[in-house]
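Over in TrEMBL, the protein carries these features:
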- C:MET46, C:GLY195: substrate binding site (BINDING)
- C:ARG122, C:THR168: ATP binding site (BINDING)
Amino acid sequence: MEDLTTIEQLLEQIKAQKPLIHHITNSVTINDCANITLAIGASPVMADEVEEAAEMTTHAQALVINIGTLSTRTIPAMIASGEKANQKGIPVIFDPVGVGATPFRMRVAKELLETLHFSVLRGNMSEIKALAGLETHAKGVDAGDDMDDAVSIAKQLAKRYDCIVAVTGKEDIVSDGIKVATIKAGHPLLAQVSGTGCMSNSLIASFAAVTSDSFSATIAGLYAMGRSGEIAFNNLREFEGAGTFHIRLLDAISLLSSNTLLEGGRIYVHS
Amino acid sequence: MEDLTTIEQLLEQIKAQKPLIHHITNSVTINDCANITLAIGASPVMADEVEEAAEMTTHAQALVINIGTLSTRTIPAMIASGEKANQKGIPVIFDPVGVGATPFRMRVAKELLETLHFSVLRGNMSEIKALAGLETHAKGVDAGDDMDDAVSIAKQLAKRYDCIVAVTGKEDIVSDGIKVATIKAGHPLLAQVSGTGCMSNSLIASFAAVTSDSFSATIAGLYAMGRSGEIAFNNLREFEGAGTFHIRLLDAISLLSSNTLLEGGRIYVHS
Amino acid sequence: MEDLTTIEQLLEQIKAQKPLIHHITNSVTINDCANITLAIGASPVMADEVEEAAEMTTHAQALVINIGTLSTRTIPAMIASGEKANQKGIPVIFDPVGVGATPFRMRVAKELLETLHFSVLRGNMSEIKALAGLETHAKGVDAGDDMDDAVSIAKQLAKRYDCIVAVTGKEDIVSDGIKVATIKAGHPLLAQVSGTGCMSNSLIASFAAVTSDSFSATIAGLYAMGRSGEIAFNNLREFEGAGTFHIRLLDAISLLSSNTLLEGGRIYVHS
């Protein structure tokens, strides 16, 4: 994965296989998640009613669970779909949005982590620290935190939950508990668009749907998002700000190819 | 309807009358539905709480029911609003999103079709086949299927439910059970934007709100969407992909006029 | 506030303090509310589950309550968060979307107004008239009404509920019960985008989070939206319509500065 060939190959597989990505996600960014899934070449379905959630998962090649606008109504659907995904052996991506902000989110996130097996756990530093039981000065869901301890916390949580852990921020850290990848890509404007984290989940799920290597899939998804942020910024005119950047991000994902990916060398894998 | 004069006239009536279109729809594309309704010149209202749904329908000139993110919470609102619309004699458009994907969706769709009278039933080939009781290889809500049997199935369902049936895809088929219209318009990028089907419902409803001829209204709505897809594509620059196309689609609808519609001759009505 | 210095200073404070704005809002425009909050420099959080709503409010510097897609599920969360906000002394902005359209909305709006103390009540003329108990010919949520009585009704409601009342339309009226401000800014295309009212709430809340002067905060939020509508229109090309205007609006907010604000002189404060 030091070079970008793996990402290109996985991208081709997504476009060839059009995997179905089942999302149980928040109402804020649900449209962006659907559109970015289509843009990368996969197929989205959103269904959060417990009466059908597990059934819908039977058709899917990956599942995303996101607690951004968590409601008691959808928790049973998350559990049912997650269990079905685990039975089928398809990857499940978990985004513990704002987990440090309320005891309710922490309780539900812990319940999900103990009941289900996730392939990938992705959050910002505050969320990952909160899950690790560390102090954090989170305020809501877009809060930052320094990335100093990111590597050790990511490794620790990856071992505890037997999954890939991704800590996203200015730089992204990905670990399987032993190996660690650092991804240096992106643009500060990504933090001015709501849902870039949620959209990253959809990308990771799309990549994870076509490979059993969740570590590479996570790197691929995060690199695709970061690189697209750079492309999006490069195409802005002077009167274009956060609104256009958001749209250009979807443009860049939909036009992602070996040409546009080829600015690489910024993924570092070590142990 | 072989020429485009009818569509132009209906479009002027929408802009003059600004009909209120009540939507009970999914959370994925609800914003796009509101915005495309405004773009065509009508007025959207979204209300899915049973405590007020029927009351809201009393103000409306058309109703859209869409089961894209179906929940047990909103089914009673769909029934109550649908019954009110039937009493008032305003058109009801039904989109059985993903109906083949789960028994829950099929059960609810059948219940709605047996309880309410719809003016227009619009779906993709997989959805329409599933409703007709035919085998389908649907996977989720964006799945394709060949359009070979579209005409006969559309006719059959139109007779069974006494409504206009529209099967949308590369080409759109519209039937009232006897007449059939084929609409050749659109662009492949429409399949890369989530909710173009949902948005078509809003357009059909806006046209149906100003004429008692639901067959023409359905053709008008689908042609407006397809033609706008062409215009949207024509205005893209090389670095603009699915994100910008989505926005240009709304642009084209909001600027629709006799000038931009005048690329016609691609609506064929036969029996 | 006759000049624009106050707005510029408040804008700088938002960017410096990044206040957290808790929204309990509708599902139609929730994404736009999150993005415009980020665009102005504040931080959004959306949480409408009663299990955590009040807890989330403890982290916030302002709260927005919007009944656009009101459901019985979220009313207890509105009450709990509103009471917490009142205890903490942070501003609460209330948008009684479509209040005249159904008895359910009127009953809940009245309950909220009697239970909670709002800093700002913002609606269109139909909504404000309905709350004042006057006849209105509202049809749904985007309906217009003449603004003739706006000033006296705004004053009356402001006294009754001890809050700032804003009546938005072609011109915006803001009153604290004694003083009245008229804001002449904006563009007709703002009425062709769903959620410009909702987005205004987010802007007002962002300004109100950094000053105890809710009157100035309301003027600042509405002027920022109106001025951005003008900028958004000025940057449109001939084939760009409502879709692009919507995006340019977010662009203009994210690029708002003393330079772009400096077209002033159109805020008139009198008594």
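Think of each number as a place in line: the chain as shown, counted from 1.
Any Cβ shown, glycine's included, is placed from N, Cα and C.
This view paints the features noted in TrEMBL onto the structure.
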residue: C:MET46; record: substrate binding site; contacts (Cβ under 8 Å, 6+ apart): C:HIS22, C:HIS23, C:ILE24, C:THR25, C:ILE30, C:CYS33, C:ALA34
residue: C:ARG122; record: ATP binding site; contacts (Cβ under 8 Å, 6+ apart): C:ILE93, C:PHE94, C:ASP95, C:VAL165, C:ALA166, C:THR168, C:GLY197, C:SER200, C:ASN201, C:ILE204, C:THR218
residue: C:GLY195; record: substrate binding site; contacts (Cβ under 8 Å, 6+ apart): C:VAL28, C:THR29, C:ASP32, C:CYS33
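Closeness to chain A is evaluated for the binding-site residues C:ARG122, C:THR168, C:GLY195 by Cβ distance, with values under 8 Å counted; no residue is counted. Every protein chain considered, the tally of other Cβ atoms within 10 Å of the Cβ of C:THR168 (ATP binding site) stands at 26.
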